[in-house]
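Accompanying notes for the structure given below.
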Amino acid sequence: MTVISLLCFLLPFLFPTLVHAQASGSGSTTRYWDCCKASCAWNGKAALASGSNPVTSCDISNDSLSNYNAVSYCASSAGTAYMCGSQTPWAVSSTLSYGFAATNIAGGTEASWCCACYQLTFTSGPVAGKQMIVQATNTGGDLGSNHQFDLAIPGGGFGIFNACTNQYPSTPAASWGAQYTGISSRDQCASLPTTLQAGCYWRFDWFLNADNPSVCFKQVSCPAALTAKSGCVRANDATNESPTGPSVVPTYAPTITNTSPSTSAGVGGTSATSTTTNAGSGGAGTPAAHYGQCGGTGYRGSTAVS
């Protein structure tokens, strides 16, 4: 058993007062993007903060719907509700991202996870040590009984439902990739609808095309940048659910370093040499050393940007 796996296992024993209140432990991830109205977008799924609404759904044109009882296209071909194209992942720093997920936590229900946020520390694959804070906007009824987070990533595969070919009729069905794994290369992102391309590129640039990495997770207060996109804030429960930080957090732009020579003519014909290399979104910075703590060494909270 690795150090990180052992610490994930010990979380409930290290913090016994939180065992029955605040979800934490080890789990796994998958990926999907089916364009369906999210399960947490229906009324009555969880206790919400005063003035809050369920997760926002969109119409076929990606405009927000105010009718939270609108039927999902995945439930009926006459349905008018879809997943909003803005609910995609993005990098906040070289080692932290925000996003959304369908969730299934053993011992819990939609009442306990809908619109809750979880800090994931990846413990395997090329993203080991990186962290992601996700808001649970959907329920993974087909994910099994283990702690699992099905990350919402455009081009990640439809799974058992598909509303994408109806919501985006100009995008050929083949452009979405395989049913359960989605597309297989970064250049295929360019074939997806424009509004979804940035989230697709995230998978290859920051997430390093990791294939279902394992995680250590714990429930945290949601960043306001996530609730601003979902429109959903839970009432206080095990966690103070008041959103933290700014409501707009820009996408992380990696530092550009100079390594590749290029030559241009200077004043008076003198040659001037400069070098430029773009660092990939996942390449700048170093993941938390040894990623021994589930919070991540040096982690400064859900809105920290390095």
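Heads up, the Cβ atoms here are built off N, Cα and C, so glycines get one too.
Not measured: the values here are computed from a predicted model.
According to TrEMBL, the signal peptide annotation covers 1-21.
Secondary structure counts, DSSP: the domain 'Glycosyl hydrolases family 45 active site' (29-40) has 2 helix, 5 strand, 5 coil. What TrEMBL records for 29-40 is domain 'Glycosyl hydrolases family 45 active site'.
Here TrEMBL flags D34 as active site, nucleophile. D34 (active site, nucleophile) is surrounded by 25 other CB atoms, counting those within 10 A of its CB over all protein chains shown.
According to TrEMBL, the feature region 'Disordered' maps to 237-286.
Under the heading compositional bias 'Low complexity', TrEMBL lists 259-279.
Taking the domain 'Glycosyl hydrolases family 45 active site' (29-40) as a whole, pLDDT averages 98 in the prediction.
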